[in-house]
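Down below is the structure, laid out as structure tokens.
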């Protein structure tokens, strides 16, 4: 039983968490906040008004909305809310947000009760400007890395990739070659991940530098999943690292920016075990109508039941699923706008997950033992897809785009074909490793205990 005096002492420590305001970044930091709250810490969330979560889902947290309160600030107010340009908030706030963040932190630190102390600031790694602000206030900053250790390894290898010519967008001659130092990657994976190299160069350089300057890094992962990458992280980052698979602690449904369709569970309850393909390509991806129809035909040709999440705005130029022909679904499929993904993946009817290969989705599937079909839309996604399909062998990577025959074959291979049994078995084994890591003495259990002790000592 937990020592009550120890809990009281911990309650006097407050942690401030500051996520990047996009779904794939909000989910893990709010999961982390809940985990830390359960360990006795008081929680304050700094957040922009843009994409702010439903505070009513978190009555145990204090929220402060910062950095985009001024409608006269055209640098922020004129940015779109969807699409690639929405992400310009990140470099703009990094460049201009330091003074306001410092004021907000000072106010909170001064307002702390006599028996409560602000222990640290935990920010998304992409808020690299927060390091100098925290340093100026003698406040420790920890970083939550929302991508994989393998992805970080690729980031720190970018100078090498640049020198080898892998980042040259005009060089198409070596796309299928193995990357030097990364035999599991093809040159085309690197080109896809860093296609906006000139824009990413400064952002990633500063992110890496300030992550190395932080007081600690929390990884949404677990040792048994990425043990081969730990050596690189330990070599590159002097501060301690903590590997905690956040989906194994809490679902992310309460942090969703979109409304869930929960009627899907009635339909899933009527399906045989492991018979349904769950399809979702994340909260920001977009496809052309031609590709959308190719996805649809591949699903039908696979002859497997499917639950397909088509977010409004997913199909360019369409409101929702208007391009689909009448009668497309038949009796095998169901299309919805959004679902509580972790709960769906945990349902016994789900046999595979066709994903955009974002790290949150990938890790959620691993934690539920669900094999995957991987597509990607750039950024870290091709790296995740390659690592999971070719190194861990828990899925099939559709690396050549959208073609109905390849789609149907991949679905059947992962879900029902005998040749895909090793994929299904590998997925089950990884889930078991994740479960064991959370038991007392396991790597994730010990990592969380170490994190709590570390923050308490700051």
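Numbers run from 1 along the shown chain.
Every residue, even glycine, has its Cβ placed from backbone N, Cα and C.
Long-range neighbours of residue 25 (active site, proton acceptor) (same chain, six or more residues apart, CB within less than 8 Å of its CB): 19, 124, 126, 146. Residue 25 (active site, proton acceptor) falls within a helical segment according to DSSP. As annotated by Swiss-Prot, active site, proton acceptor applies to 25, with the evidence given as experimental evidence.
Annotation comment: Swiss-Prot describes 124 as active site, charge relay, evidence class experimental evidence. Residue 124 (active site, charge relay) carries a strand DSSP state (E or B).
Annotation comment: Swiss-Prot describes 25, 146, 147, 155, 359, 380, 381 as rebaudioside A binding site. Counting Cβ atoms from all protein chains shown, residue 380 (rebaudioside A binding site) has 24 others lying within 10 Å of its own Cβ.
The annotation rubusoside binding site is assigned in Swiss-Prot to 25.
The Cβ neighbour count for residue 362 (UDP binding site), using a 10 Å radius and every protein chain shown, is 25. Under DSSP, residue 362 (UDP binding site) is assigned to a helix (H, G or I) in the three-state scheme. Annotation source Swiss-Prot lists UDP binding site at 27, 283, 338, 339, 356, 357, 358, 359, 360, 361, 362, 363, 364.
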Can you see whether DSSP assigns residue 338 (UDP binding site) to helix, strand or coil?
coil
Rounded to the nearest Å, what's the C-alpha distance separating residue 362 (UDP binding site) and residue 381 (rebaudioside A binding site)? Just drop the number here, would you?
10
So how many other Cβ atoms are close to residue 360 (UDP binding site), meaning within 10 Å of its Cβ?
25
Between residue 155 (rebaudioside A binding site) and residue 358 (UDP binding site), find the distance joining the two CA atoms and give it rounded to the nearest Å.
16
Nearest-integer angstrom distance between the alpha carbons (Cα) of residue 27 (UDP binding site) and residue 381 (rebaudioside A binding site):
17
Sorry to bug you, but what's the C-alpha spacing from residue 381 (rebaudioside A binding site) to residue 356 (UDP binding site), rounded to the closest Å?
7
